[in-house]
Amino acid sequence: MPGSAPISCLGPWPKDVGVIALELYFPSQYVDQAELEQFDGVSAGKYTIGLGQDRMGFCSDREDINSLCLTVVQRLMDRNGLSYDSIGRLEVGTETIIDKSKSVKTVLMQLFEDSGNTDVEGIDTTNACYGGTAALFNAVNWVESSSWDGRYALVVAGDIAVYATGSARPTGGAGAVAMLVGPNAPFAFERGLRGTHMQHAYDFYKPDMVSEYPVVDGKLSIECYLSALDRCYSVYRNKIHAQWQREGSEKHFSLEDFGFLVFHSPYCKLVQKSLARLMLNDFLNHPSPNTETGPFVGLDAFRDVKPEETYFDRDVEKAFMKASAELFEKKTKSSLLISNQNGNMYTPSVYGCLASIIAEHTPSELAGQRVGVFSYGSGFAATLYSLRITQDHTPGSSLDKLVSSLSDLRLRLDSRTKVSPAVFSERMKLREETHHLASYIPQGSVEDLFPGTWYLTRVDDKHRREYARRPLDDDLPAEPEHIRSSAAAEVQKNFHDFPLLSMLITRGPPIIDLSIADADM
């Protein structure tokens, strides 16, 4: 059967395909969650302790999904000195839909106009928070396929998470991530190590096409998330065991084999519970766990529990959160910087967690580690996969450059402007009332945006949207209200920093022969 050939029969593969560069964008304004608790009249700690959230970024009516993605793409291209000619595939993952036909990717193609590059494959992928991961897999698969022409793939995940007034609103957020994908990556996909689970459920969905607000079954959403985590981990574990057995090893896989673990994060507390959930899986699948010493000490009473009966078992949750506390501090806590400070970004959420890991560690601390990544999207779709970080952490290495590019993450978070809950509420009301209007001029202040941010200037009577970019230097005149790529002058700059581009210029493309509470998850 096609596709059934054993691994040993496959043709040559591009080496170490994965994430070469990563850029993150979040809004310039946020609301403090402790202040929001007071404003909403809920008990102190409900959002900050119960959900684990401190701040929530949000967009005014000046920003939409197109402007978020325009900003993060141009930022990645400019900061890495990349030519738009070097991109052969552009994929967007988003659930923030403002048009039922036209993709966000086609809007981003305006950035490519000055380069003359229109030979760019890929469009949008949608399934709640999983769309960014599906787009990333598409990009990796393209590079590893006979369709690859030697250029980079660019993956964009972006969303604006907004909820109606009520208990779900503090689980909102907004942002976008752009990832450059190609061979010889510092964060390389481990081949064959993906565990996926797909199933039908109405846990979170958006049936109203003229509203940004979802319909949410909070309890079902958490059950779907945790059950998907169980099943994906089981599949992943089976695959790595099979891989190790082919190599002659009978080693038993556990969480200790991950250097870091990142999860889709609707809110931080669920991530902590998710790591505890994986420890429960390790405990139940261990042939003879030591309950006298080590991480499983005192857990004898839970030896015979059935995972599907424990999604809301407080005793199990409490016991395994305590047992996994040290692992959480070591392997996962640092991934929650963006989630805690900016909130749920939907498709970029898990990649904001990956960016946080990179920003919070030195190249030497990251080098050689395996990173487990769990992505979940309601409806529902989920995958657990792993990335292997390169061993080379020398100054000027690809890993060193990636870490350096995200070293300002805390500074950028701290440079935002805090807005009162009352003003935040007013701006959410404005978004609700004007979300799908034609003949609309946004009211939000452009001066509130970060320099270099793309923003919406108007929606005409045919719902066509126009954008401009806030200048990087506030002393410069505003750019005209149409898109012009500022990267055209960067066409040949820094090619020596990217071996793939050098290969493409000197030899051409290679020949490859290979036959969640009340939040969206």
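Here the Cβ of each residue, glycine as well, is placed from N, Cα and C on the backbone.
Note that this is a predicted model, so its numbers are computed, not measured.
What TrEMBL says about this protein:
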type     : residues               : note
ACT_SITE : Glu95                  : active site, proton donor/acceptor
ACT_SITE : Cys129                 : active site, acyl-thioester intermediate
ACT_SITE : His264                 : active site, proton donor/acceptor
BINDING  : Ser221, Lys269, Lys273 : CoA binding site
DOMAIN   : 13-186                 : domain 'Hydroxymethylglutaryl-coenzyme A synthase N-terminal'
DOMAIN   : 188-470                : domain 'Hydroxymethylglutaryl-coenzyme A synthase C-terminal'
Lys269 (CoA binding site) and Glu95 (active site, proton donor/acceptor), Cα-Cα, nearest whole angstrom: 23
Compute all pairwise C-alpha distances among Ser221, Lys269, Lys273, the residues listed as binding CoA, and give the largest one in whole angstrom. 15
Restricting the comparison to the recorded positions Cys129, Ser221, Lys273, which residue's C-alpha is spatially nearest the C-alpha of His264 (active site, proton donor/acceptor)? Cys129
Residue among recorded positions His264, Lys269, Lys273 with least C-beta crowding, 10 angstrom cut-off: Lys269
One should report the C-alpha separation between Lys273 (CoA binding site) and Cys129 (active site, acyl-thioester intermediate), rounded to whole angstrom, as 19
Between Ser221 (CoA binding site) and the residue listed as 'active site, acyl-thioester intermediate', what C-alpha distance do you get in Å? 12
Between the Cα atoms of the residue listed as 'active site, acyl-thioester intermediate' and Lys269 (CoA binding site), what distance do you get, rounded to the nearest Å? 18
What mean pLDDT does the predicted model reach across the domain 'Hydroxymethylglutaryl-coenzyme A synthase C-terminal' (188-470)? 95
